[in-house]
């Protein structure tokens, strides 16, 4: 292969980033496998009777993951803060592997509950530690793009289980997902820990080597950044961190409100209901496509759309993508609600069979370029190093509590108020999400972490 001079110059740095960041984000791919697993598996179990479950047990198998994911961020944040992000992610990989083995071996709801609970702990850890890790290793000009890899790999996990789940046995799907977890564990041994964390633990030489790998520079070429990290660590070490610090400054309060607000609207957009019950939604719609095929299509679209985010986010900015996302989700959920309302009042929808598929495709596209990846990327930018671990844990936990409530009670809302009402509620929430971004969220595009802190203090 013949490379241009510019390509040869950029290649080492790109190689470092695009090996390190996707490797860490394999955790997000495994998380996507865990979250998407219910969509093909529950219909399979219902049709084959391989494991007989009641509707109540199915509801808990779907929702218990989100409940334990609300717990996972706290031990993960403490582990990352004390031992570093790499060790925290290695522990997460081990729990993923054990969980998949338990789930694959399950013959009844009890062991499935245990496995899904452990999945949730690992997922909570993933969405706490990975954004912190990426935020600390990335340079300012590519931080937004690299931060969006978490959602990209998560959607790859969904596409993976959506594509093979309907066509293989329960055990085969479990083995396939275990393999991804093992790959994640192996790759984690070959990437460096965060230079900031290494300096914090007194391993200055390890931090130098990590920076040389990440920046593709010589030992002397990373001296300036290494000294800046040392100053930042020394400043943090002189101050004790407590929950009170989250509200001790104007900047921290604003960062907390913005982060909690973004994940709040992310969950209230209805994403978990759509992803966990996608096959059931297509079955209810009576559309022209087989539910399993439509679900695979959703997974592919989600992955492709998420792949656009790294290319767009540092060009268009966070606000533009989030506003576009909110508007698109509001319209698509509204149209989907209208379709189910027409069915509810017994209007013939035979000629509208592709409408639910089209609406969900639009929803997935705009979600995947905005409210899917960006709340996590923005969270990694907003908090100061002193409170980042605690604040990230709190934000991720809040996100998953909401996810649990929505997943657990989605079917109850559908049964009590109708499918159309559920999607109209999500549509209204998407409109409110757009207003939140428009009036409150500052643009962080191209700003250093220090500049963002100064902006929040105003």
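Cβ atoms are placed via backbone N, Cα and C, with glycine included.
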Among ranges 229-253, 354-378, whichever one TrEMBL labels transmembrane segment: 354-378
Range among 59-76, 203-220 that TrEMBL annotates as transmembrane segment: 59-76
Confidence summary for the domain 'Major facilitator superfamily (MFS) profile' (20-445), mean pLDDT rounded: 88
Among the ranges 59-76, 112-134, 146-164, 170-191, 354-378, the one whose Cβ pairs under 8 Å to the transmembrane segment (293-313) are most numerous: 146-164
Contact ranking winner - 170-191, 354-378, 390-410, 422-441 against the transmembrane segment (112-134), Cβ under 8 Å: 390-410
Highest-contact recorded stretch vs the transmembrane segment (390-410), from 59-76, 146-164, 354-378, 422-441, CB pairs under 8 Å: 59-76
Same-chain residue ranges lying at least 6 outside the transmembrane segment (320-342) that approach it to Cβ under 8 Å: 262, 265, 269-270, 284-285, 309, 312-313, 349, 352, 355-356, 359-360, 362-363, 365-367, 369-372, 374, 418-424, 426-428, 430-431, 433-434, 437-438, 441
Ranked first among 16-39, 59-76, 88-106, 170-191 for CB pairs under 8 angstroms with the transmembrane segment (146-164): 16-39
Tertiary contacts of the transmembrane segment (170-191) (same chain, 6+ residues out, Cβ under 8 Å): 19-20, 23-24, 26-27, 29-30, 33-34, 37, 40-41, 44-45, 48, 50-51, 86, 89-90, 93-94, 96-97, 100-101, 103-104, 157, 160-161, 164
Recorded stretch, among 59-76, 88-106, 354-378, maximising Cβ pairs under 8 Å relative to the transmembrane segment (16-39): 88-106
